[in-house]
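Asker: Sharing a structure, written as structure tokens. Questions coming.
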Amino acid sequence: GVVEACLLHMLKRRAAGFLRTDKVAALFTKVGKTCAIAGDVCKKVQELQQQVESRKNLPNGQEPLKRQGSTTNKTPVLTPQAIKHIWVRTALIEKVLDKIVQYIVDNCSKYYEKEALLADPVCGPILASLLVGPCALEYTKLKTADHYWTDPSADELVQRHRIHGAHGRQDSPSKRPALGIRKRHSSGSASEDRFAASAREYVESLHQNSRTHLLYGKNNVLVQPKDDLEAIPGYLSLHQSADSLTLKWTPNQLMNGTLGDSE
């Protein structure tokens, strides 16, 4: 979106097209007539748009019949945001956006007014240079709605922390204590309070990430797994994600590293 805003700044009416509502498409099409790289991007975008249109025309969004396991001619699933910025996005994925912008900067008098950003002798080349980095990346694994990162199990988190904590425990005593440490029995309550506070802080951090938000947490919540077993204290937490609420409960024995061979 930012790149598009730069490309559209003070674009000449002839370059933007008098009757076209998509000015970025008009610019790429006009540049593609004299720049082979931009011409290739135009062909790619036209193919993508045709595939998206053919998908829309299918009844009830059904996929065309393909041989099982075949990945050829697969229609890409583009979000509305991707379709909105399809020209810049395609050039970026093809790693040629910086070259196209550089070509536009070198021939800015054809497409822009004198006061335009890309016509500026300093700002124009800087924009093209800034795009070299993003164009060097591989955009082969884009995040989609069905690939959300989720929390590992509590057991895996504890094992990770034990492995990580074994290296720096002696050198840096001020670090957060590892979960493998058993609760120490001391005469003073101050040390116990500090240990409980650090344990609570660590447990809360286990369940806090970019996809879920910790709404509530309470320790020593009793859960009875079977009628003939005693209730087990544990940490209860409520998490909010984009589309759901999740309730988690982790036994205190597991968090304190004293689970042993218990079932």
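Positions of Cβ are set from backbone N, Cα and C atoms, glycine also.
Annotations per TrEMBL:
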- 1-147: domain 'RUN' (DOMAIN)
- 53-75: region 'Disordered' (REGION)
- 164-194: region 'Disordered' (REGION)
Asker: Mind tallying the domain 'RUN' (1-147) by DSSP state, helix then strand then coil?
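Answerer: Across the domain 'RUN' (1-147), DSSP assigns the residues as follows: 85 helix, 2 strand, 60 coil.
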Asker: To what whole number does the mean pLDDT across the domain 'RUN' (1-147) round?
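Answerer: PLDDT averaged over the stretch: 83.
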